[in-house]
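**Q** One structure is given below, represented as C-alpha cells, and several questions about it will come after.
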Amino acid sequence: MNDLKKSPLLILDFGSQYTQLIARRVREMGVYCEIYPYHINHEQFKKLNPCGVILSGGPSTVTHDANPRAPQWLFESDLPLLGICYGMQTMAVQLGGQVHSSALREFGYAELRLHGHSQLLSNIEDRTAVDGSALLDVWMSHGDKVTELPPGFKVICETRNAPIAGMADESRQMYGLQFHPEVTHTLQGLRILQRFVVDICKAPTEWTPEHIIDEAINKIREQVGTEKVLLGLSGGVDSSVVAALLHRAIGEQLVCVFVDTGLLRLNEAEQVLSMFGRHMGIRIIAVNAEDKFLTALKGVTCPEEKRKIIGRTFIEVFDEEAQKLTDIKWLAQGTIYPDVIESAATSTNDAAVVIKSHHNVGGLPDTLNLKLLEPIRELFKDEVRQVGLELGLPHDMVYRHPFPGPGLGVRILAEVKKEYADILRKADAIFIEELHNAQLYHKISQAFAVFLPVKSVGVMGDGRRYDYVICLRAVETVDFMTAHWSQLPWDFLGKVSNRIINEVEGVSRVTYDISGKPPATIEWE
C-alpha cells in the first residue's frame with residue numbers, strides 16, 4: 001500500500017491550547033497531519049512535502065514585533081494556507097495588512113455573517129438572516145483584530161465587533177479565520193475544516209484504522225525481523241493496544257511483563273492476565289510486587305513524592321525482570337502523539353507551570369540497552385481506541401475510563417497502606433458497577449472513588465461507628481483540559497452510597513465532589 005504519510009497536512013503551532021484539537025479534527029476526516037513549531041526549518045518543511053498548512057492560534061499579540069511570526073518563505077510556497085485566530089493575524093501583518101488591539105474583545109459565542117462567495121465558506125450556514133445572508137454560530141477568543149486587509153485579500157465574513165472576521169485570497173488559496181473552527185462550539189467547524197483540508201488542499205483520506213494497522217504491522221516486521229520484543233503491560237488502553245498490535249505482527253516474539261503494584265483496581269490483575277495470557281496466548285511474566293511498593297511508600301504523604309517513588313519502584317521491578325531475559329533486543333512502549341508533541345516542546349509558551357507531574361509511569365531504564373519500539377507514537381488517544389477495536393479488543397477495555405499510572409496511590413489522600421487500598425478498591429468497584437448497571441458509565445468521561453484520611457461518626461444498627469470517608473468523583477469533558485462535574489441522579493448516588501457503607505467495612509460516610517476543572521484538577525492528587 002502507499003505510504004499514508006507521503007503528503008501530510010502540516011499544522012504550525014503558535015502555542016494555542018487548541019492546536020492538538022485542530023490535528024484531531026483533521027485526523028477525523030481520514031487525513032494524516034503533523035504538528036510542528038511555527039519556526040520550522042525550510043529544508044525539513046520541503047522534505048515533508050505537505051499538501052497544505054494550517055497556522056494555529058496562540059496567546060501572543062502580533063502587535064509586538066518580537067512575537068512569533070510564520071516563516072516568510074511559507075507565503076511563497078504556493079501551498080493552500082489557513083490561518084486561525086493568531087494565525088490569521090500574523091498572515092495579515094506579514095502580507096502587508098494591519099492588526100490592532102481592540103477595546104471590543106470577543107470571548108465566547110458570536111454570530112458570524114458571511115460575505116458573498118468564498119470557496120472556504122460557501123453553502124455552509126446555521127441559518128439565514130432576513131436579508132438572506134448566511135449566519136454561523138462560532139467561538140471567538142481574541143483581543144486583537146485585523147483592521148486592514150493585505151493586498152489581494154477580500155472579506156469573507158464579519159461579526160458585530162470584528163468587521164474582518166475572515167479573509168481570503170482565492171487566487172493564492174490563502175485564508176484567515178478569526179474564530180476557532182476546531183472547537184465543538186463552532187457548530188459547522190468540522191465542515192469548514194473539511195472544506196479546506198479535503199476540497200482545497202486535496203488531501204488524501206486514507207488515514208483509517210485498517211490502513212493504520214496494516215502500515216504499523218509492516219513497519220514492525222521490517223524493524224524487528226526475528227528479534228524479540230519486551231513490553232511493560234499495564235492493562236491501560238495504550239499498552240493493551242500495543243500488545244495486541246505487536247502480537248498480530250510478530251506473535252511469539254513478544255514478551256510482556258505485568259507488574260502488580262498492589263495499587264490496581266479490583267480484580268484488575270486477573271482480568272489482564274486472563275485477556276492477554278489465556279485468551280490471546282501472549283507470553284506474560286506476572287510479578288506481584290505489592291509488598292515492595294507498600295514498603296517504599298511507608299510514611300510518605302506528599303503526592304509528588306508518592307508519584308516519584310511509585311515510578312522509581314516500577315522501574316526497579318521492571319529492570320529486575322528484564323535482566324533475566326537475555327534474548328530480548330527491543331523495548332516497546334505505548335507512547336502516543338500528545339506525548340511526542342509535549343516532549344518536542346512545540347508549544348511557544350515556555351513559561352508554562354507544571355501543575356503536577358504526568359501520571360503515566362515513564363522513564364524505563366536506560367541500562368537495558370534495548371532498541372526502542374513505539375508503534376502508536378503517531379496516534380491520538382481516540383485513534384488508539386479505534387485501532388484497539390479494529391484489533392478485536394473488547395469495547396469495555398478500549399473505552400475504560402482513564403486510570404493514573406500511580407494507581408490508587410494518588411487516590412489515597414494519606415500514607416498508602418494496604419488497609420486503605422483494600423477499602424478504596426471495593427468502594428471504587430461498587431461505584432463503577434452501578435454506573436454500568438444504570439447505563440451511565442459511557443455517558444461520563446471519568447469516574448472514581450477517593451479515600452479521605454479522616455474518620456466520621458456513623459450509626460449501624462444500635463451501634464456507633466467511627467470510620468473512614470469515601471468521596472465519589474465523576475466528570476464530563478471533551479479534552480480533559482477543562483471538565484464539568486457530572487450531575488448524576490440523586491437516587492443513583494443514594495444507592496451507591498448505601499451499598500458502599502453497607503458492603504465496605506471501614507466506611508461510615510460517602511460524599512460527592514462537585515468541583516469543576518478549573519479550579520480543581522480531575523484527580524485529587
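Each residue, glycine too, has its Cβ placed from N, Cα and C.
Marked as active site, nucleophile by Swiss-Prot: Cys85. If you look up Swiss-Prot, you'll see His180, Glu182 marked as active site, on the strength of sequence analysis. Under the heading ATP binding site, Swiss-Prot lists Ser234, Gly235, Gly236, Val237, Asp238, Ser239, Ser240, citing sequence analysis as support. The domain 'Glutamine amidotransferase type-1' annotation in Swiss-Prot covers 8-206. Per Swiss-Prot, domain 'GMPS ATP-PPase' is recorded for 207-400.
Let's see these features in context: how buried, what's close, how far.
**A** Annotation for Cys85 (active site, nucleophile): same-chain Cβ neighbours under 8 Å, separated by at least 6 residues, are Ser16, Ser56, Gly57, Gly58, Ser141, His142, Leu177, Gln178, Phe179, His180. Under the DSSP three-state reduction, Cys85 (active site, nucleophile) is assigned to coil, being neither helix nor strand.
Following the DSSP three-state reduction, the secondary structure of His180 (active site) is coil.
Cβ contacts within 10 Å of Glu182 (active site), excluding its own Cβ and spanning all protein chains shown: 28.
Sequence-distant contacts of Val237 (ATP binding site), defined as residues of its own chain at least six apart whose C-beta falls under 8 angstroms from its C-beta, comprise Lys381, Val384, Arg385, Gly388, Met397, Val398, Arg400.
Each residue in the domain 'Glutamine amidotransferase type-1' (8-206) has a pLDDT score, and their mean in this model is 92.
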**Q** Would you mind reading off the Cα separation of Gly235 (ATP binding site) from Glu182 (active site), to the nearest angstrom?
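**A** About 32 Å separate the Cα atoms of these two residues.
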**Q** Relative to the mean position of the Cβ atoms of Ser234, Gly235, Gly236, Val237, Asp238, Ser239, Ser240, the recorded ATP site, which additional same-chain residues have Cβ within 8 Å?
**A** Leu233, Val241, Val242, Ala243, Gly334
**Q** Whole-number Å only: compute the distance from the Cα of Ser240 (ATP binding site) to the Cα of Glu182 (active site).
**A** 29
**Q** Counting across all protein chains shown, how many other Cβ atoms sit within 10 Å of the Cβ of His180 (active site)?
**A** 23
**Q** Compute the C-alpha separation of Ser239 (ATP binding site) from Glu182 (active site), stating it in Å without decimals.
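**A** Counting only the Cα atoms, the answer is 29 Å.
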